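Under the heading domain 'Cation efflux protein transmembrane', TrEMBL lists 24-198. Annotation source TrEMBL lists transmembrane segment at 23-44, 50-71, 83-102, 114-133, 154-171, 177-195.
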Amino acid sequence: MNEEYQSCGCSVSKNINKHERRILITVLVLNGGMFFAEFGAGLLSNSTALLADSLDMLADALVYAIGLYALGRPQFWRNRAALTNGILQLTLGMGILVEVIFKLSRDVMPQSEIMGLFAVLALIVNTISLVLLTRFREGDINLRATWICSRNDMLANIGVLIAAGLVAYTQTGWPDIIVGLIIAAIVIYSAIKIINEAKTGLTRG
């Protein structure tokens with residue numbers, strides 16, 4: 001994530017806010033529900049990539065919740081909300097790293113069938129979310145973050161699908177661990193970019 005996180009000071013009408021709020025609530029419910037489903041599937045299948053992807057879904061749900069909070073608020077509070085968002089995402093990213101390190105110390109074979117099934121379900125949810133959030137591509141820092149996170153999540157879902165195929169083909173757990181590590185890196189990198197952008201906005205007042 002780069003300059004896409006630059007904030008803007010455009011005002012939003014009440015009617016637009018109401019429509020945007022409905023969209024954010026919809027994607028919040030979709031991603032929140034998918035987090036629980038994918039997290040459970042990750043535990044059941046012993047898949048690091050699936051667990052990492054589920055935490056990424058949780059991070060998205062937090063982005064949508066914070067986006068709801070920031071709607072219609074002054075720029076200062078939108079930047080504060082974005083800073084909170086970045087810190088929460090950084091915490092989740094570090095949690096994924098801990099899971100990856102834990103899996104490295106164990107010789108556990110993930111179940112590729114469960115990985116593939118739930119990666120497809122997550123991809124469907126994120127595709128729907130991305131379509132709904134397309135109008136936010138040019139929004140402020142919080143609204144723009146919702147679209148970018150959904151876009152990146154689709155890439156993560158595809159990564160889990162590829163990992164599932166490679167696990168089935170190679171009969172090793174390394175593809176699962178590698179994709180989990182990549183997702184962790186993406187979440188941490190994105191969180192740092194959000195934090196830096198929010199700090200810049202707060203400094204400028």
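In case you wondered, yes, glycine gets a Cβ from its N, Cα and C as well.
Just so you know, TrEMBL annotations are computer predictions that nobody has curated.
Sequence-remote contacts of a segment are chain residues at least 6 beyond its ends whose Cβ falls under 8 Å from one of its Cβ atoms, and for the transmembrane segment (83-102) they are 48, 51-52, 55-56, 58-59, 62-63, 66, 142, 145, 177, 180-181, 183-185, 187-188, 190-195, 198-199, 202. Sequence-remote contacts of a segment are chain residues at least 6 beyond its ends whose Cβ falls under 8 Å from one of its Cβ atoms, and for the transmembrane segment (50-71) they are 12, 17, 20-21, 24-25, 27-28, 31-32, 34-35, 38-39, 41-43, 77-78, 81-82, 84-85, 88-89, 92-93, 95-96, 99-100, 110, 114-115, 118-119, 122, 125, 129, 140, 142-143, 145-146, 149-150, 153, 156-157, 160, 176, 179-180, 183-184, 186-187. For the transmembrane segment (154-171), the residues of the chain that approach it from at least six positions outside its boundaries are 47, 49-50, 52-53, 56, 109-110, 112-113, 115-116, 118-120, 122-123, 126-127, 130, 178-179, 182-183, 186, judged by C-beta separation under 8 angstroms.
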